[in-house]
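Accompanying notes for the structure given below.
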2 protein chains.
Amino acid sequence: MDMLWSGWGDPAKAAPLPDTVTGLLRDLLGVTPRGSGPTALDDIAVPGSPLTPEAHRALADCLGDPAHLRTDAETRIRHTRGKSTPDLLRIRAGEVDDIPAAVLLPGSHDEVLAVLRVCAEHQVAAVPFGGGTSVVGGLAPERTTFVALDLRRLDALLGLDEVSRTATLQPGLRAPRAEALLNERGYTLGHFPQSYEWATIGGFAAARSSGQASAGYGRFDEMVLGLTVATPEGTWETGRAPRSAAGPDLRQLVLGSEGALGVITSVTVRIRPLPQERVYEGWRFASFEAGAAALRRIAQDGPRPTVLRLSDETETFIGLAQPDRIGSADAAGSAGCMAVVGYEGTAAANEECRTGVHQVLLAEGGEHVGSEPGDRWAHGRYNAPYLRDALLDAGAFAETLETAAFWSAIPELYQGVRLALTTTLTDAGTPPLVMCHISHVYENGASLYFTVVSAQGEDPVAHWAPAKHAANEAILAAGGTISHHHGVGTDHRDWYATEVGPLGVRVLQAAKAELDPAGVLNPGILVPPRHP
Amino acid sequence: MDMLWSGWGDPAKAAPLPDTVTGLLRDLLGVTPRGSGPTALDDIAVPGSPLTPEAHRALADCLGDPAHLRTDAETRIRHTRGKSTPDLLRIRAGEVDDIPAAVLLPGSHDEVLAVLRVCAEHQVAAVPFGGGTSVVGGLAPERTTFVALDLRRLDALLGLDEVSRTATLQPGLRAPRAEALLNERGYTLGHFPQSYEWATIGGFAAARSSGQASAGYGRFDEMVLGLTVATPEGTWETGRAPRSAAGPDLRQLVLGSEGALGVITSVTVRIRPLPQERVYEGWRFASFEAGAAALRRIAQDGPRPTVLRLSDETETFIGLAQPDRIGSADAAGSAGCMAVVGYEGTAAANEECRTGVHQVLLAEGGEHVGSEPGDRWAHGRYNAPYLRDALLDAGAFAETLETAAFWSAIPELYQGVRLALTTTLTDAGTPPLVMCHISHVYENGASLYFTVVSAQGEDPVAHWAPAKHAANEAILAAGGTISHHHGVGTDHRDWYATEVGPLGVRVLQAAKAELDPAGVLNPGILVPPRHP
């Protein structure tokens, strides 16, 4: 099944907003219904493929079957940009100026290698496409002729080493399928980001994804032990041992490279035994500050549960942590901040960890509010993107952004980003609701995940741009990273350049020039092309 | 105090071998005493400094005080090469063909920057020098005029963030001093490699050091959160948040770069509360295989102690884990394999962990042999390099090498390296004693640390070379990395090139060319110079 072209996920799961929410949006934010929904797919004016006949033929020759090179309008539309709110607003309006010239479906590492060689020869750019879930412009390269490399045919579990507890996966495997293949053998990857239902293994690696169970299972980049990469210059293999002192860790150069250094064609990951039991529970804290202090204590001194997240007062009040309860009486009636704590493992290990966690959270002033909030969170954990579609349909604007910093910088980062978003959007006449949660914790810091809802304004894409700009500036000013788990893409590129500094940019450009001398790999993503 | 120029450590701590050991060496390995010890320092013929007067003046101008540029013979000899056994054999023989032209003692990041600019201008190579403990030729660049940048004056604790639990340290801090500065504030780094008494923070980062308590505290590269690097092209800062999805992790390009990409001038590390209690104990297993299986179970399913290591039968028999007991009756009388398990933390946490570990190790067939073997290990943990000096003095050859691999490759790696060393040295007429231990464990694999003792042969440096070559080949053939914690230097460079492949080498060369266009940073270390 393909994802909804104009929004998120399985079209059958789309649901309109409850009347209570529509009322809240109107009364609180001045959201008024828009007249029309998305343009019809058939009404979108798609330009002909700009591929030259020579390039078309040479690319087709790389693939076993002519059906694996597609230039029909629908396929091309479905591979246009990603799933950020501006992406959705533009595709809903029928804007397809970033449309690929063709969609290729390579079936092997060697086919990807061949395609990249042809791309270099014909000056056609290549954009790897996994789940298509980028929210940072990672699929919209600099205006140029490009093909999307849809990796869905590379969907095998290539190997599983039970002694070493590693699995080698192809990049086009969607997360639920990868998880099912591992589950059959008694293992789990433990990687459950919000994009779980659609995102792929290759995308997780290329964009340094982080899942909702990261407290227990770690980030995706921490799970990766080896990578095979296809580049225009040939095959690049990294990762010979779990840890090594043999030079720089080149795996860490591939992770986060977002298709700019090569196309990841296999990923060897650490796997863990399937948990016997998954237990989630809710905790209430008097304030975001108090809750954050409690999470910090757990992150630094343990015991470490598998899931650990904390909504701020606004998010708790609105109940976004439980989307299906938004605006309901009991969500609105709850004061303070809600945390979700989860335990995944053997029953005995869960019980032991839970006892220790309870001791710490009680000492930190937490109130245990039972399993119901945890279960509701677990039940609705992948639903927020569906909710966004409904909000857009209702005439609201909704977007998320995220960052991470050392613990000591978290209070200023939290206040700075909220202020930037609130001021910018209020000045523009659409006062927003800004919600935040701590989504991931580490010994030395944490991530902050913000959700913004407001009225759309006249031109919603243009309306949002200054707010996003101000949030990015606030993130850097407060010492945060421009992205904790969404990536850089084109949307964050300028701030990323500030974050890594001119020498960091030059090193990446030099690596890219070496692996991709023709500059055809997702050009303009991550770093600007060299000597433009 | 300076390290012994012709060997290891504090000259006052040197001790001759016990007679029992001398007897064993003679009877077992045919080791016969050498007539003479090291050449006297004053007898070494040191060539004049090849620095041009212009370069000398320009370099001196970068430093505040003329005394910070030294060209006297003793200082230069003390900065010649590192501490591998071939390094020691050559310096003991008075060979100083790798001697630096001068030794510089910069006192700030800006002075290092200025020195590197002058080096680039005058085509003088620069080799960062911390503790001088490299055992892989990391301080002996390609034959060229070079200066050693001794970083001992960069020895401050720059900052400590108790909320985030991070500390920023200068690179020239020796580990015991860094540890003392942190201990005063109630924290520890938890990094205790065998080179602990002499090695520096900068060296740990540049060579991806791993300490004996890595099971609990992690490797040094896992502790590093940020790095400042001086390069001929300017300052490079990496690490803005504990974790990030903002592109490749550039910290991981600096870690392990061994001075080839820049000079590390500050390191921000994760710190932990000082443990209340340190408890070590011994466990005996019937075989190395059985012990390795037990360690694997602990590494994969926990609970994880702080120290976890296992000697093979030969090492257990010889008692190298307890150097002061070598050849003693009770060491020789012990069968099987000895493991050391250590717990560092609060008394309660230690007790809880210990109970869990005992349960697993007993189930895996281990026999708890009390705290005495653990305490003896802890007491003698930094002594092996002193023992090597005594062995060299006694006419024996002694060297170590190490690797790591995924668990499933460990048996073949273990057998392959032992066979390569034994065959090569036996064929050369000096049958060796080859001992091994698992020094570090991970969920997905482990490291193997080999110690070789034999007679020296006629020309000991030349005699060892084919054995080291064969061991390196065996490591790569069995899927191991060419180094788990010693690094690449010049000694492992050719095998490293095989390990990372031609594209890996090209990426590193491209990064180096960008940061060091004149090619003056430790040239020939890690990767061969580009377009030679």
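Backbone N, Cα and C atoms are what each Cβ position is placed from, and that goes for glycine too.
Features of the protein shown, as given by TrEMBL:
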DOMAIN    B:96-274  domain 'FAD-binding PCMH-type'
BINDING   B:PRO128, B:PHE129, B:GLY130, B:GLY131, B:GLY132, B:THR133, B:SER134, B:GLU258, B:GLY259, B:ALA260, B:LEU261, B:GLY262, B:VAL263, B:ILE264  FAD binding site
SITE      B:ARG309  site 'Important for enzyme activity'
BINDING   B:ARG388  substrate binding site
ACT_SITE  B:TYR449  active site, proton donor/acceptor
Fill in the blank from the handout: Using a 10 Å radius on the Cβ of B:LEU261 (FAD binding site), the other Cβ atoms enclosed count 25
Practice task
Can you figure out which of B:ARG309, B:ARG388, B:TYR449 (the recorded positions) comes closest in space to B:GLY132 (FAD binding site), comparing Cα atoms?
Solution key: B:ARG388
Exercise for the section: Using C-alpha positions only, work out which of the recorded positions B:ARG309, B:ARG388, B:TYR449 is nearest to B:LEU261 (FAD binding site). Expected result: B:TYR449
Completion exercise
Between the C-alpha atoms of B:GLY259 (FAD binding site) and B:TYR449 (active site, proton donor/acceptor), the distance in angstrom, to the nearest integer, is 25
Exercise for the section: Whole number in angstrom, please: the longest C-alpha to C-alpha distance across B:PRO128, B:PHE129, B:GLY130, B:GLY131, B:GLY132, B:THR133, B:SER134, B:GLU258, B:GLY259, B:ALA260, B:LEU261, B:GLY262, B:VAL263, B:ILE264 for FAD. Expected result: 19
Handout entry: Structural state of the residue listed as 'active site, proton donor/acceptor', classified by DSSP into three states
Key = strand
Handout entry: Long-range Cβ environment of B:GLY130 (FAD binding site), under 8 Å and at least 6 residues apart
Key = B:LEU151, B:PRO171, B:GLY172, B:ALA199, B:THR200, B:ILE201, B:GLY202, B:GLY203, B:ALA206
Problem - Integer mean pLDDT for the domain 'FAD-binding PCMH-type' (B:96-274) - result: 97
Practice task
Please work out the number of neighbouring Cβ atoms within 10 Å of the Cβ of B:ARG388 (substrate binding site), leaving out its own Cβ.
Solution key: 23
Exercise for the section: Name the secondary structure element type, per DSSP in three states, that contains the residue listed as 'substrate binding site'. Expected result: helix
Problem - Length of the line joining the Cα atoms of B:ARG309 (site 'Important for enzyme activity') and B:TYR449 (active site, proton donor/acceptor), in Å - result: 10
Fill in the blank from the handout: Rounded Cα distance, in Å, between B:PRO128 (FAD binding site) and B:ARG388 (substrate binding site) is 26
Exercise for the section: Using C-alpha atoms only, work out the spacing between B:SER134 (FAD binding site) and B:ARG388 (substrate binding site) and round it to an integer in Å. Expected result: 15
Exercise for the section: Take the Cβ of B:GLY132 (FAD binding site) and count every other Cβ within 10 Å, whichever protein chain it belongs to. Expected result: 24
